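What TrEMBL records for B:71-270, B:358-555 is domain 'ABC transmembrane type-1'. Annotation comment: TrEMBL describes B:20-45, B:75-97, B:109-130, B:158-177, B:198-220, B:257-278, B:304-335, B:362-384, B:396-418, B:424-442, B:481-503, B:538-559 as transmembrane segment.
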Amino acid sequence: MNHQFSPAALAAQIQSVGVDIEGVNLSYGSNHVLKDVNLAIKPGEFFAFLGPSGCGKTTLLRLIAGFNTAQRGEVRIGGRDISVLPPHRRDVGMVFQSYALWPHMTVRRNVAFGLEERRVPRAEIERRVDAALDLVGLRHLADRRPSQLSGGQQQRVALARTIVIEPKVLLLDEPLSNLDAKLRVQMRQELLSLQRKLGLTTIFVTHDQEEANTICDRIAVMEDGKVQQVGTPQDLYDHPANLFVAGFLGTANVLDGAVRDDGAGRRVFVGSGVTPVALPPSAGADAAGKLMFRPQNLIIRPDGGPPAPGHARLTGTIRHREFLGASIRYAVDVGGQLVQVDAPHQAGDALLAPDAPIVLDLAADKARLLRP
Amino acid sequence: MTSLALTRDRIARVRPGPALAALLIAAFLLLFLVVPVVQVIFVAFQDKTTGAFTLVNFADFFRNDLFMRSFANSFYVSAMSVVVASLLALPLAYLTMRFEFRGAVLIQSLGIIPLIMPPFIGAVAMQLLFGRNGSVNLLLRDHFGVSIPFMEGLNGVIFVQSIHYFPFILINLSASLKNIDRAMEESAQNLGCHGFRLFRRIVFPLAMPGYVAGASLVFIKVFDDLGTPLLLNVNDMLAPQAYLRISSIGIADPMGYVISVVLIACSLLALWVSALAMRGKDYATVQRGGGGLAKRRLKPLELVAAYAVVLLILVLVLAPHVGLGLLSFATIWSFSPVPDAFTLKHYQTVFTESGQYITNTLLYASLAALLDVVIGTAIAYLVLRTKLPGRQWLDYIAMAALAVPGVVLGIGYLRSFYGVPMPFTGQPLSNFWLILVFALAIRRLPYALRACTAALQQVSSSLEEAAENLGATKLRTVGRIVVPLMSGGILAGFVTSFATAAVELSATIMLVHSQSDAPLAYGLYVYMQSAAGRGPGAALGVFAVVIVGLGTYLSHVVIERGRRERGQDH
């Protein structure tokens with residue numbers, strides 16, 4: 001037996017495989033929960049399903065683990081279709097939102113469970129359990145009951161219990177949601193370094209964009225049972241494919257507009273209070289659309305001078321303001337539509353008063369035209 | 001694609017293991033609950049000779065003076081038992097819920113002590129204490145020249161039953177009072193309501209569902225009970241009439257079946273009334289934090305009155321136990337307040353003559369309880385964890401046993417299995433002792449099923465999914481995760497079933513064929529038929545009380561331990 005049972009050896013045992021989800025449709029009665037989902041997750045990737053509650057992200061995760069059955073489509077792990085396999089033969093490790101540690105077993109028994117079910121020899125079980133507990137730094141608590149551990153420790157046990165069986169894929173169902181804010185930040189870094197160490201393809205379900213942004217290589221944003229967009233965190237934030245993605249990741253200003261060519265090139269005409277916005281050549285040829293930009297894309301022009309080159313001009317009235325510390329967020333009424341503006345703040349800066357007129361510049365190349 | 005989808009759906013929905021288990025349980029319920037009861041109903045509507053459908057049997061029933069009197073008596077006794085039990089339970093519930101009262105522990109034990117003695121066991125002892133020539137009336141006559149007819153005729157049944165069954169009202173009423181949020185009361189006070197108006201308009205309506213639930217349970221229990229009237233020699237009630245018709249005239253006589261149908265109908269009616277009272281009234285209003293009504297300290301005079309009430313009820317509740325204990329040690333106890341002398345010979349008699357009764361009881365009750373928890377766990381799992389079509393019906397049918405009086409089940413078994421000869425011996429199947437075990441199991445199944453269902457509901461399904469995810473099959477998951485986590489609830493269900501099956505008389509008395517197969521409850525009934533048998537009968541009764549008491553205590557310990565362990569998880 002060439003097992004070394006050290007954490008490093010555990011990592012060496014794991015061969016990264018990809019997960020392919022093709023044409024998956026799932027309904028509960030007339031409730032269509034997953035609508036033609038297609039995803040290709042690369043070997044060794046840390047991948048997130050991100051979306052609001054009820055978007056189908058947990059259903060999709062449970063489908064991979066075998067706790068749901070799709071009416072159509074297939075899930076392949078390392079190229080092999082696992083759709084008809086029962087959960088216990090899938091070799092995908094899942095960490096549950098509630099951790100699901102068995103209260104009638106000690107930490108050691110919990111971690112050993114999966115190996116016992118695989119009929120691994122007793123001595124080898126002991127060594128591999130020790131190695132997994134070392135990996136999460138909990139070997140000294142092996143004989144405790146789960147109820148005697150803190151939330152963060154329980155989480156680590158759940159993780160050890162899952163990775164000890166050397167699964168092909170690691171599934172994490174909102175693993176940080178039951179931890180307090182400080183521990184959450186710490187645990188997500190630990191998760192990331194563990195994942196990198198093991199090279200284990202990992203799928204992470206969350207509704208928290210910050211969690212997904214900070215640790216995941218790529219994110220699939222889901223809404224209404226459909227994958228809205230797949231990409232790196234930066235990609236999704238800077239180039240959202242649609243209004244939902246724009247609004248779900250960060251704050252988005254959205255203005256109705258129409259695209260016309262008035263001789264000065266193709267430009268977006270929004271309405272009163274906004275000068276036409278020049279479009280980059282790459283923008284589509286749609287006749288109508290929504291103009292989307294971030295609050296930090298606007299620059300306040302106290303002097304009210306002519307707009308800088310490549311900038312559109314917005315004029316309006318401040319409705320209210322929120323003091324956020326590093327910046328001040330103003331809500332500005334521009335021709336009847338509300339626009340959020342972030343102004344960086346330094347000590348001593350004067351705040352603008354509500355109901356005061358305000359002049360803003362928008363860098364045209366930062367704005368995006370999205371289909372309604 | 002479509003065909004693949006279909007097979008996948010089928011894989012997800014019907015697995016052979018659960019389907020097989022469901023079929024076995026369904027067959028058991030069908031054979032030992034549905035068929036006998038349907039048989040009874042069927043025969044009641046059948047002409048005795050031709051077998052054609054007829055209502056003549058019911059016409060005969062309603063024209064017969066004895067039956068009509070029995071019907072009226074059963075109704076009167078049940079209703080009066082509810083009234084007397086309410087009189088006992090109301091002050092106790094109010095005391096614990098409303099006041100800072102040190103006697104609360106005492107009241108809690110008051111809620112348990114009566115239940116550990118089956119009413120028919122205490123009946124004879126109560127006659128010796130409260131009967132016309134019992135201790136109390138002898139003393140009253142000597143000192144005051146009066147006597148009170150506690151035990152005369154129907155009074156005796158009412159007295160014994162209400163002392164036994166009032167805890168049902170006490171427990172339910174206390175629970176619903178405890179579930180009233182203090183804010184309900186405070187907001188009424190804030191809006192200007194106080195005193196008795198507050199009680200009448202807010203507290204009483206909120207506690208009503210709990211009271212009705214308890215009261216209807218008492219009504220059904222008393223209406224269906226066979227043992228107590230039989231031992232008190234009150235035969236003009238429905239259950240005894242059903243028993244006497246079948247045992248004296250035979251299983252062909254339709255009257256026993258007609259009475260059975262009336263008994264079932266009245267049980268269903270009482271259950272329906274209670275369901276009606278509960279519908280849409282889930283009044284558990286406790287938000288988070290402290291529940292229950294505001295408590296205040298008792299003034300000194302009130303305190304004295306409170307203790308007087310509690311002690312009086314305690315004396316009444318302990319009377320059958322004390323009486324039974326005295327009787328089991330008494331040489332002769334007749335026309336005197338206490339026995340003439342004491343002896344151990346009754347216990348000796350019981351041990352030498354009647355060891356068979358005790359071993360039979362232990363065997364039957366443990367087999368029945370085992371059957372109950374196995375079936376109860378299986379049904380709970382099928383209902384809560386599988387998508388098997390029709391799984392809910394297993395639960396409904398098992399629970400329907402609640403509405404079937406023991407005497408009816410006994411009659412149904414006789415009718416259904418008397419004509420079936422056993423292999424080899426050729427004896428009727430209904431004489432086989434295992435049939436008695438099945439009857440006991442069916443009778444206690446609803447309680448065990450509820451205990452198992454509650455236990456499984458406590459187990460989060462993600463604990464099972466985690467096991468499957470780590471490579472355990474469904475069956476292994478049930479064995480290693482589900483059953484161990486349910487074990488507390490299963491054990492509590494087993495002990496409760498065991499303890500109550502051990503003293504069941506209604507169905508037993510119909511089905512016992514020979515002394516050697518008889519359990520303790522039957523032996524007790526036989527002993528109590530003669531004056532000489534009273535002593536050994538009482539000794540046997542003490543055994544019964546010890547068995548039930550131990551069982552109750554054990555299940556209490558188990559439940560408490562489970563609650564503590566769960567408490568640590570948070």
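Positions of Cβ are set from backbone N, Cα and C atoms, glycine also.
Automatic, uncurated: that is what TrEMBL annotation is.
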Which residues of the same chain, at least 6 past either end of the transmembrane segment (B:396-418), have a Cβ under 8 Å from a Cβ in it? 26, 29, 32-37, 39-40, 43, 220, 223-224, 226, 239, 242-243, 246, 251, 256-257, 260, 263-264, 267-268, 271, 375-376, 379, 428-430, 435, 439, 442-443, 445-446, 449, 504-511
Can you find at least 3 Cβ pairs under 8 Å between the transmembrane segment (B:75-97) and the transmembrane segment (B:304-335), where each pair is 6 or more residues apart in sequence? yes
For the transmembrane segment (B:304-335) and the transmembrane segment (B:158-177), check the count of CB pairs under 8 Å (sequence separation 6 or more) and say whether it reaches 3 or more. yes
What residues in the same chain, six or more past the boundaries of the transmembrane segment (B:158-177), come closer than 8 Å to it by Cβ-Cβ distance? 77, 80-82, 84-86, 88-90, 92-93, 96-97, 107, 110-112, 114-115, 117-119, 122-123, 126, 130, 150-151, 203, 206-211, 213-215, 217-218, 221-222, 225, 228, 232, 283, 292-293, 316-317, 319-320
